[in-house]
Structure formats: C-alpha cells, structure tokens
Amino acid sequence: MQESRSKESTLSGDEDKDVHRFLDEFDDKCTCKLLKEMKETLEGLKKSHPNPTNLDEFYRLFERYLRTRHEKIVWEKIRSPKDRIVQYNEIPEPTEKSKELLRKLAILKLNGGLGTTMGCVGPKSAITIKDGKNFIDLVVKQIRYLNSKYKIDVPLILMNSFNTEGMTDKIIFRYDGIKKFSQSKFPRISSETLLPVSPSHGDKGMYPPGHGDLFYSMKNSGMLEELLEGGYEYLFVSNIDNLASTVDLKLLEYFATNELGFLMEVTDKTRADVKGGTLIEYKGALRLLEIAQVPSNKKSEFTSFKKFTIFNTNNLWINLKEMKKKLEEGFFDLDIIENKKALDDETVIQLETAIGSAIKYFPNSCGVVVPRSRFLPVKTCSDLFLVESNLFVEKNGTLQLHPSRVPETCPTVKLIGENFSKIEKYEKCFKGIPDILELEVLTVSGNVLFGKNVVLKGTVIILADEKSKICVPDGSVLEDNIIYGNLPIIDH
C-alpha cells in the first residue's frame, strides 16, 4: 500500500517539466499584470513629481526587480579576486605628472543621506564635528587647501537628495563654486501589493534609491556632460561622512597611468566591519558582494575573517569618458538591494543600488588595499564620540590621529543603549568629551553621565543598572576600571 502511494506521488520527467512550465507561465502572467498596474499608477504620480522622468527609470528598475528577484548568487562559483587586488604600498610614489592630472580631476561627495539612525532630522553632513565645523565645512576646507597648494581649481560636487538639498543649500550658500545635483526620487512600494504607497504619505512615501543612482542622475542632470566639456576625465567619489577620504596623488597617478575605468579602495576587515561589502571574482568579473546578497546559510562565512578579509570603503575612482560610454551602451543594471522599512503601520520596500556594484561593467578595474587611515566614517554616536575627541586633530579639513597616540589605531568604543543611540540624548551624557589618548577599550551602557576633564585610559567598562545612574565626576581619571551599579553624585 505504501509503495502504491509512492508511485502515485512521483512525477515522470515530462510531467515535472510541464509543472515547471505551467508555474513559469503563471508567474509571467502575474508579472505582466503587475507591471501594467505599476505603469498606470506611475503615470498618475507623474503629475505631481518634480522630475517625471525619474518614474520612468523607477519602472525600469522595478521591472528588472520582478524578473530577477528569485535569482541567487551561486556560492560555489565565488572566487578570490587576488589577481585584481593591489596593495597600496606596492604602488609607485607619485611623480610630477600627478600634479598635472589634478587638472583633470573632479571630487564628488555623496550627500543624500539623513542621519536618521543617529536621530538627526536633517542631513548627516550638518552634524558639528570639530570647532563648530560640520562635514561640509571640513570638506570645503580640504578642497581649498588642495587647490591653494597646487594652484589649481579642482571642483567639489555634492550629490544631494530631496531629503538633504534644502538644508544643504543653507550651509553652502556662503561658499563659492560648489556644484550640486540631486539624485532620483522614487516611490516606496507596499510589501503586500508591490505597488506605490498612497500619495497621502507625501515625501515619506518617496525615497532616494541609494548611491548607485549616481550614474543615471549625473547624466540626467547634465553634470556628466558639464564635467567632460570642462576637460575633466577622472572622478573621485566618497561618502561625505568619511573625512579621511582625501585626494591621494599616488592613487590618482596609478589610476590614470594604468588607464583604469574603475578603482575601489578597500581596506582590511576588523570586527567593526564584518557586514561591509567585499570584492569577489564571479563568472569571470570583479564583483562587489553585499551582505544583502548572501544566502542566509552563508552569512556567518561572509562575516568571518577567513575567506573575506577586505571590505569596500566606498572611496571610488571613475573614468568619466568610460562612464559616458557605458551609459550610451545602456549598461549599469546594478545589483538591486531590497531594503524593507516601516512606514506608519505598513512594511514598505525600497529598491536600491550601490555604486560599487558598477565595477563589474569595467573590465579594466581593480581594488586597492589602502591603509585604515583612509576610512573614518561616522555611522553611530560611538563613531561621533571618537572624531569629537582629542584622539583626532583637524588639519586642513582632514582628521588625523593625534601624534601622541600610541599605537596608531583607534580604540574600540561601544556606547550602548537608548542614551547613546540618538544625538540629542548622547550630547546630554557629556559635559565634555573625555581625554582618550591612552584608551584601548571603552564600553558604556545605561544612564551614565560624564563630567568635565575626564581622562580614560586602558580598558574602561561602565555599566549602570536598570533605573539607576552613574555619574563620572569632573576631573576623574579612570584607568583599567570596571564600574557598575549605581553611583550618583551629590552636590555639596
């Protein structure tokens, strides 16, 4: 009887093919119906959209998403890209030629992000970092120093988003010569219907689609053509919150001399970077692999140090002529990242792309393993604590490790809990940022308040019990201390 059931439930090879063919045809019909609904909805949204052609680009992205969303990377086909990875210290020192190449260079800072993870209501670039200066102020200072030193005029370009352009304009009005354009404005889609959320959400129902949008937006805004007509051939791109991403003549000359189309700066992975994208060789091409593309059963392997030892800093060098050529050929179908967000009580999807994934379209591309000193992002209040401290000194707009710091690495800082997750609460925890020149490890959790002129050395762990408070008095020196429990300060 058991054998009979088994035979009844087994399909022949032809029957199995028929089932798959039926499912594929059904899926195609559903996709076509959904695409038709999407097109009709987008036509309605065009009436109120500031740049209706953005929605045509979104439709193309959405169609590609539907066609490819079930495709998975074949883990076994991933190879080490060691033949395409160059060590920074193996690159020749720059010659006089590099100074001439500067005349063909433009600098672009990615400025589309809000500091929402840190509780900011405006662009992250507006956060004050050193001596009353924010990210934009410091970047402008960097460029002015570069231009003054070499008697040139390297332009600064900001790629804003609809979220950041208003406040950014209020910051840059006092600076001359900054070029700018805004990236696309795409509709968020419902995770249930896969159609745009209600227009009643206003701008909350829209989003900037990641920095991979740079290629389309540079072309669409006219910025690409403007740069090429101005004689610029090379573009250095980086995140505006990475104040260590300055122009490096050594990299510029290497990029130009080797006639590369795309160069990605990578650096050695630490425990703080386990989720960062990495370079791989896949199907004969150099590819950026992001954690969102990794199968769930392989994520632990991805975040380990054994197989993937480097990660993407998002400091990128791009040949503008090559970029234009690829755009004219219709390339840059970048890997799509499905980013789920909460909008009121609804789960929505943002279809995003990463600029680094364009590397696969440039056969003449490579990764360069640069020193960690070229990567100093501010993603959390723990990062902000480091750059605000005396660990870094500002020189010509760049943050550099204090010369007295030994070893020449950053301490490990973990500020844990709701008091340190948002800037407003974080700032209330410090009367002054402690001296951390001799700090190795700092972990702070709970309701902890720091007084003025505090010095932290070695390993310091401060853990406040739930519903209790620890106050570190003015002038305290903590060295290799563990403090826990409840320690209020009583004024006398």
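Just so you know, glycine gets a Cβ as well, placed from its N, Cα and C.
Note that this is a predicted model, so its numbers are computed, not measured.
With Leu110, Asn111, Gly112, Gly113, Lys124, Gln183, Asp241, Lys379 listed by Swiss-Prot as binding UTP, the candidate from Gly210, Gly277, Gly284, Gly417 annotated for that site turns out to be Gly210.
Secondary structure at Lys124 (UTP binding site), taken from DSSP and collapsed to helix, strand or coil, is helix.
Listed recorded positions: Lys124, His211, Lys379; maximum Cβ neighbour count within 10 Å falls on His211. A 10 Å radius around the C-alpha of Gly112 (UTP binding site) takes in these recorded positions out of His211, Ile240, Asp241, Lys379, in sequence order: His211, Ile240. Sorted by the number of other CB atoms within 10 A, the binding-site residues Gly112, Gly113, Gly210 start with Gly113, the lowest. Confidence across the region 'Oligomerization' (441-492), taken as the mean pLDDT and rounded to a whole number, stands at 89.
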